[in-house]
Amino acid sequence: NSSSVTEFILLGLSENQGVQKIYFVVFLLFYTLTVAGNLLIVLTVTSSRHLNSPMYFFLCHLSFVDVCYSSVTAPKMISGFLVENNTISFAGCIGQLFGFHFFGCTEIFILTAMAYDRYVAICRPLHYPTLMSRRLCGRMVGGSWAGGFLHSTLQTLPTTLLPFCGPNKVAHYFCDVHPLLHLACADTRAMGAAAVANSGVISLSCFLILVASYVVILVSLRGRTLAGWHKALSTCGSHITVVILFFGPCTFVYIRPSSDLSEDRSVAVFYTLITPMLNPLIYTLRNGEVKGAMRKLCRR
C-alpha cells in the first residue's frame, strides 16, 4: 500500500508551549483583522455606485482572494497552538496544498492585472475607457482564476501520487510542496526541481512584468508636472507596497531549492497572513474614494 500515511502532524511555528499561547492571541487577532478588513472592502466596492472603475473591480477580487487565501492556512495554524499534536488528514493536507497554491497564484495574477490597469490609466489616459472595458476586466479576472487553478493542479497532482510510508511530521504550519517532498518515500529531486520551476517561474516572471510596467510608467512621467507625478505615484504607491510585501517572501521561498524549512516557515507567515492583513489598510489609507464609500456604508 503506497499511501500508508493517513494523517500528518503539523509541527507549527514553535515547540515552546508558552510561545504558542502568545502566537495564538497574536495570529487570531491578525486573522480576524484580515477577514474583517478584506470583507469590508468587498462590501464597500460592491455596494457603492461610485467605485465602479476597473481599479476597484480588481481590488474587490483581490480582497475576496485574500480572505480565501488566509483561510486555507490560518484557522488550522491558530487552532494548532492550543493542542499538543496538530494533526491533519491526508485528504485535508492535499486540500490545503491545493487551496494555498490556487488562491496564492490567483492573487499573483490579479496583482499583475492591476499593474496593467495602472499602466493604461497613467500612460494612455485618453484610451483608458476603451482599453479597459468591462469585458476585458472580466476576462483578466477569469484568466487569473483559471491560471491559479491550473498552477495548483500541477503542484498538487504529482504530490498526491507520491508514496508516503514513513515519518508523518510536516516541518511547517501548513501542507506545502517542499515539506511534503521531504517526507515522501521516493527520490523527489526531479519533482522538487519541477515545483521550484512552476512556482518560481510564475512568481518571478509576474514580478518582472510588474517591475517593467512601473519602469514604463516612471519613464512616461518624465515631462509631467509635479502634480502629475504626485497623482500617478499616489495611485501606484499602494500597489507597489503590496507587490513588494507579497512577492519578496514568496520568491525567497520558492525560487531556491528547499533545504532549511525553519526559515521557510517564518517567511511564509508574511505572505500567508501579514500581507493579506495589510492589503485593506494599504489600499484604503491612501485612497479618499474608498474611505468616503466606507464611511457611507458604516452610516447605513
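Cβ coordinates are placed from backbone N, Cα and C, and glycine is handled just like the others.
Heads up, TrEMBL stuff is auto-annotated, nobody curated it.
According to TrEMBL, the features are:
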type	residues	note
DOMAIN	37-283	domain 'G-protein coupled receptors family 1 profile'
TRANSMEM	22-43	transmembrane segment
TRANSMEM	55-74	transmembrane segment
TRANSMEM	94-116	transmembrane segment
TRANSMEM	136-154	transmembrane segment
TRANSMEM	201-221	transmembrane segment
TRANSMEM	233-255	transmembrane segment
TRANSMEM	267-285	transmembrane segment
Select the range from 22-43, 55-74, 233-255 that forms the most Cβ-Cβ pairs under 8 Å with the transmembrane segment (267-285). 233-255
Long-range Cβ contacts under 8 Å made by the transmembrane segment (233-255), restricted to residues 6 or more beyond its ends, are 55, 104, 107-108, 111, 114-115, 118, 121-122, 178, 195-196, 199-200, 203-204, 206-207, 210, 214, 217, 264, 267-268, 270-271, 274-275, 278-279, 282-283, 285-287
Under an 8 Å Cβ to Cβ limit, what residues of the same chain, 6 or more beyond the ends of the transmembrane segment (136-154), are close to it? 54, 57-58, 61, 98-99, 101-110, 113, 116-117, 198-199, 202
